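Student: The following block contains the structure, expressed as structure tokens.
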Amino acid sequence: MPGSNCTQATKFVLAGFTKDPATQVAQFLLFLLTYLVTILGNLGMVALIRASPLLHSPMYYLLGNLAFVNLCTSTIITPRMLAGVLLGEKGITYAGCVAQVFTLGLFVITECFLLATMAYDRYVAVCHPLLYPLVMSPERCSRLVAGSYLLGLTNGVAQTIGMSSLFLCSSSTIDLFFCDISLLISLSTSDTTLSLAILRTSSSLLGVPSILVVLVSYVAIISTVLSISSAEGKRKAFSTCASHLTTVSTFYGALIFMYLIPRSDTSRGGDKWAAVLYTVVTPMLNPFIYSLRNQEVKEAWRR
């Protein structure tokens, strides 16, 4: 129960990474450069996919949506962090914290299902190429993408409801550079049953199934590729999946570390770097991963 000497928070302190001024300057410049590259890379990818007829296919339609989600995820986190370092103001209002919990919950789960859809797209392309135009029709792709956003919205609303049930003291310090629902739960002085139930349910019903879709798809892809007798055929088949597999490994690895591996509050030292990986690094790298390893994208850039 809330203590009598504890008032409901209207503002939180985001601890960030360091208090050393010299290190903060280097941190600011690094994250500013990362964010600028993220903006240019993902906006460029979206514009290229829309403008180039060469990229008007289901795979690039999904990739364009992934670039948009990456752009949103990075924008939710990085500008606020940069402003805090530049102005020396690490506080965030309760409303701002709620907004971060909602939007991050929305876009993280949306990205999970977009990556799962892309894995299924690669499965159909490699294992059932003759059925690909029928299975991955424009109408079905639109429904799959819309479903990804809807599931993300469901998660965002659920996490917001979970946060609203928490009683957080006005002196609360979040040992991260954004408002994370799992850390807010650990800081609560009230009953956390509802918030924990929502977090675990969303992880089980939304996060785990998307991971399973990716795993099953790639098991089938690898089995099919290994049965190809031609070395050139194997190389081409693997090359169509390499970019997506790189993105999936980085993104899901960080999320599993953050939310699915049980550990005590005293052993969360790696959370900041896992959070940086899926909120800052992955959105920056994705456009380059798909551009550098994809001949069609490189040809579209040249044109």
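The chain as shown is numbered from 1 upward.
Just so it is clear, glycine is given a Cβ too, placed from its N, Cα and C backbone atoms.
Annotated transmembrane segment per TrEMBL: 28-48, 60-79, 91-116, 207-229, 241-261, 273-292, in sequence order. The domain 'G-protein coupled receptors family 1 profile' feature in TrEMBL is assigned to 41-290.
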Student: Counting Cβ pairs under 8 Å that sit 6 or more residues apart, are there three or more between the transmembrane segment (273-292) and the transmembrane segment (28-48)?
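Tutor: Counting Cβ pairs under 8 Å, at least 3, so yes.
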Student: Take the transmembrane segment (28-48) and find every residue of the same chain, 6 or more past its ends, with a Cβ under 8 Å from one of its Cβ atoms.
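Tutor: Same-chain contacts beyond the flanks: 55, 63-64, 67-68, 70-71, 74-75, 78-79, 81-82, 85-86, 280-281, 283-284, 286-288, 290-291, 297, 300-301.
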